[in-house]
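The next block holds one structure in the form of structure tokens; read it before the comments.
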Amino acid sequence: MDGKRRQAPSSGVPPKRACKGLWDEDEPSQFEENLALLEEIEAENRLQEAEEELQLPPEGIVGGQFSTADIDPRWLRPTPLALDPSTEPLIFQQLEIDHYVGTSPPLPEGPPASRNSVPILRAFGVTDEGFSVCCHIHGFAPYFYTPAPPGFGAEHLSELQRELNAAISRDQRGGKELSGPAVLAIELCSRESMFGYHGHGPSPFLRITLALPRLMAPARRLLEQGIRVPGLGTPSFAPYEANVDFEIRFMVDADIVGCNWLELPAGKYVRRAEKKATLCQLEVDVLWSDVISHPPEGQWQRIAPLRVLSFDIECAGRKGIFPEPERDPVIQICSLGLRWGEPEPFLRLALTLRPCAPILGAKVQSYEREEDLLQAWATFILAMDPDVITGYNIQNFDLPYLISRAQTLKVDRFPFLGRVTGLRSNIRDSSFQSRQVGRRDSKVVSMVGRVQMDMLQVLLREYKLRSYTLNAVSFHFLGEQKEDVQHSIITDLQNGNEQTRRRLAVYCLKDAFLPLRLLERLMVLVNNVEMARVTGVPLGYLLSRGQQVKVVSQLLRQAMREGLLMPVVKTEGGEDYTGATVIEPLKGYYDVPIATLDFSSLYPSIMMAHNLCYTTLLRPGAAQKLGLKPDEFIKTPTGDEFVKASVRKGLLPQILENLLSARKRAKAELAQETDPLRRQVLDGRQLALKVSPNSVYGFTGAQVGKLPCLEISQSVTGFGRQMIEKTKQLVETKYTLENGYDANAKVVYGDTDSVMCRFGVSSVAEAMSLGREAANWVSSHFPSPIRLEFEKVYFPYLLISKKRYAGLLFSSRSDAHDRMDCKGLEAVRRDNCPLVANLVTSSLRRILVDRDPDGAVAHAKDVISDLLCNRIDISQLVITKELTRAAADYAGKQAHVELAERMRKRDPGSAPNLGDRVPYVIIGAAKGVAAYMKSEDPLFVLEHSLPIDTQYYLEQQLAKPLLRIFEPILGEGRAESVLLRGDHTRCKTVLTSKVGGLLAFTKRRNSCIGCRSVIDHQGAVCKFCQPRESELYQKEVSHLNALEERFSRLWTQCQRCQGSLHEDVICTSRDCPIFYMRKKVRKDLEDQERLLQRFGPPGPEAW
């Protein structure tokens, strides 16, 4: 609903159709069109009212329960055929793996049943036929390693096990009692730490196997504190791999990756026919050692027909108060279902409170009691049985609201939305904080067996946008606008009639439909499935965890193959290291081609070329102690030492080589593949393989992480700096007049992994040819697989400063540019108002595309003049910034934070929350007032005619971006005098505020419409302008007509967007410029009508 600060659905006019019954559905391909355009069928529906009444459901359905009779059979999963575990294998794609504690049943060739509590892994998935599966995996226990103390032998194992058991039992008193021994086994084995090259090979380690995963933390702590071992005293034990999640540990050992296909061989599993613990169609038990894991290659790359459900709710809030589940009812829940691989939803359902008119293409089910509505949706979820649940802000609003509302109404059977029978869906608060995104508070709703993909959370994590409302992101990615209905208006629609409730249901359906389209368009599901497969973690981890778990999974897999162990490192924020090199830019406007050469996968390539890894790191002085020859190790630019691959091949280089070679294979398959679904999968796979190598480097540099290593990360950036500088030297020494080239080449800029070269040629084709030649020449001077590649040519090129430049980009063809490329400029940034981005973009287009710098200057001066004369629409002046933490946590006063606090005092329900982006404008105030005190809500400004501080926008928003662009062209001193001084800045228009200040104590007096002199009567003109009264009246009427025409056009535009040319516009989308225009024109119309009333009623002569 709009309460989630996003748009309600829009619609339009559908094609006329023959009459259908209430439960009949249109062809799926018509659904979007029907949603877009519904109103033209109103007349036809009224003509067919009698026939419609015959097809309405019986009265008993309103207020009744949602029974299986109300469910379309097409919504249900196919009925599984008889499965004989003794002769038929079970093959399914697993989507989620978790664990629980229970008792183990007897299994073929397995240990006898035990009453002790044991961890049981649970894999949820889907077969090729679409059957849902829950596989209970038995026999796997948690374990970790620790180095054996000096003198420790096999005779000490039983004593240590007894002592550790006793210590854990004492530690667990007062908590959950253990049903058996805490330590199942302690074994001696040979392993080696992965941290550092020691030269002595494997050493004795102890593998400690525990009964339950929750015992890992106390066991690790007690061993670190010291455990008595008879004959050896009380040694302290350093833990290895004790901080690995139980699910990751199992997946590594069983060679299972996220979302891959599992096979249970015939005769190795048992099907649960009775006493099922879940709602899945097929529920089985199997030993972990009997599970066959298929690597996601070839035929095993396919994705099962997953069922995706997208839903949205609407609530009836009170005026001016954001809906609260304790008081405000849920009035509609709309759901759409999609099978992965099919083009259209197979399910469209609107559950409404109170009767609702039919909607073509959707099934409408109405209820008189809210309790029945909620229970009906819960029953529907269990019947439809989705694998993936999506929507927009469902994580922080829809799901928590539904569960809290059901609790308030005591709908006890509602909150069982997962797949485990009798397991309640709970809400818990979660907080995430990082340097990149700040702090985000959110809620987590448990729904075991189903994957939640909240599209809002996906977009916040993956994309940098100016606004994250559903309307804004739909327009950005889908090119669609939609209506935004304020939460207070929703109540009025609900309290209307069947037609207004149908209009609300159409909005709600669109709100459920757009996240589904975003999920498909952005390939969110496919990309995450492939990332889970590449990195080896469960799908849910990608949506709820950070980057490090993906690298840990890959590291553990490679380490296990080589008998290496990952230590547990206690991390604290340590010293930082020098970042990448940026060659000082030669600022200016280049009207010659500039070739860009780029290092392919620079940091991963450096790690592979120089064998940089935990396992190859030498401690200071270790090379001499180990007797290593000079050609057996390297010294990095930062002074750190690593052994070469001839001595030991590093784990990280092996992981990176596997990722890069797998990407080459995936791209080769993608080029040959013709099936659209397989192309999606392969494209998602190559994208995951492209992103993953860079996270390996980031993992080593994370100072607060699982395994930070400053020596690796600083060595990588050290080599990178060295290579950029060497590239500059090589290019500038080879491409010279002395060597027979047309000009002396010059590197005008270099940043991290790329250099921009001016070869002195006049054509793009020549620059491309020299760029390719230079890339091959430079690559020959670096060890494999480091490779410099020709990437593109900029012509012309505007180099402003470090990390700020723009140019026309040529990549493949020399006769036509691909696009205008901007980096670091306000054209692509989102921390300023749209006016800045639009003006910068239009100026750059005139400079680069039109090659007309003078025209760009004239255009910029015109816009500045319009700004100072108050001719710029307020939508162009809105600044948005994210509220990343509470007001008290900011070091200084911030404009958007102070406004959020003021809005909270005005209306707590509509005030922004943590994580929201706050829109504001800067208004005029007394001289010396701080900017943060002048921020105001744009709608409040329009309603109260508050003046805009145009000088602030000129000096603080426009000035610096414009000077950055024009100084390289006009010169530093001249740019400011030309753009920010002169005749175009001398005329200013200031609005008079209706509120605040001295206006509260003043009395307004009328002025003559003709000459503006003060008059002491209520008329329109003074006695001197009386002869011109008719002329002035006609002029004002003409102005009124122009305003009416403008308002009519804007109103019609909004009606088209909402899909109805017959209903009032109720949209309040703050992301839409037309909304602000409509509000402004409406107010101007009211003022103009009041002005005309001063002329008095027309006299008899007018008739």
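Cβ atoms are placed via backbone N, Cα and C, with glycine included.
Database features (Swiss-Prot):
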BINDING   Cys1008, Cys1011, Cys1022, Cys1025  Zn(2+) binding site
BINDING   Cys1054, Cys1057, Cys1067, Cys1072  [4Fe-4S] cluster binding site
CROSSLNK  Lys570  SUMO2 cross-link
REGION    1-27  region 'Disordered'
MOTIF     4-17  motif 'Nuclear localization signal'
MOTIF     1054-1072  motif 'CysB motif'
ZN_FING   1008-1025  zinc finger
- Message: Between Cys1011, Cys1022, Cys1057, which of the binding-site residues has its C-beta surrounded by the fewest other C-beta atoms within 10 Å?
- Response: Cys1011
- Task: Give the sequence-ordered set of same-chain residues, not counting Cys1008, Cys1011, Cys1022, Cys1025, with Cβ within 8 Å of the centre of the Cβ atoms defining the Zn(2+) site.
- Result: Ser1007, Ile1009, Gly1010, Arg1012, Ser1013, Ile1015, Val1021, Lys1023, Phe1024
- From the Cα of Cys1057 ([4Fe-4S] cluster binding site) across to the Cα of Cys1022 (Zn(2+) binding site), what is the distance in angstrom? 46
- Cβ packing number for Cys1054 ([4Fe-4S] cluster binding site), 10 Å threshold: 23
- Query: What Cα-Cα separation, expressed in whole Å, is found between Cys1011 (Zn(2+) binding site) and Lys570 (SUMO2 cross-link)?
  - Reply: 80
- How far is it from Cys1054 ([4Fe-4S] cluster binding site) to Cys1008 (Zn(2+) binding site), counting Cα to Cα, in Å? 37
- List the helix, strand and coil residue totals of the zinc finger (1008-1025) as derived from DSSP. 0 helix, 1 strand, 17 coil
- Item | Fewest other C-beta atoms within 10 angstroms, as judged across Cys1008, Cys1072, which are the binding-site residues | Cys1008
- Which of the recorded positions Lys570, Cys1057, Cys1072 has its Cα closest in space to the Cα of Cys1008 (Zn(2+) binding site)? Cys1072
- When the Cα-Cα distance from Cys1025 (Zn(2+) binding site) is computed for each of the recorded positions Lys570, Cys1057, Cys1072, which gives the smallest value? Cys1072
- Could you give the Cα-Cα distance between Lys570 (SUMO2 cross-link) and Cys1072 ([4Fe-4S] cluster binding site), in whole Å? 50
- Message: If you count other CB atoms within 10 A of each CB, which of Lys570, Cys1025 wins among these recorded positions?
- Response: Cys1025
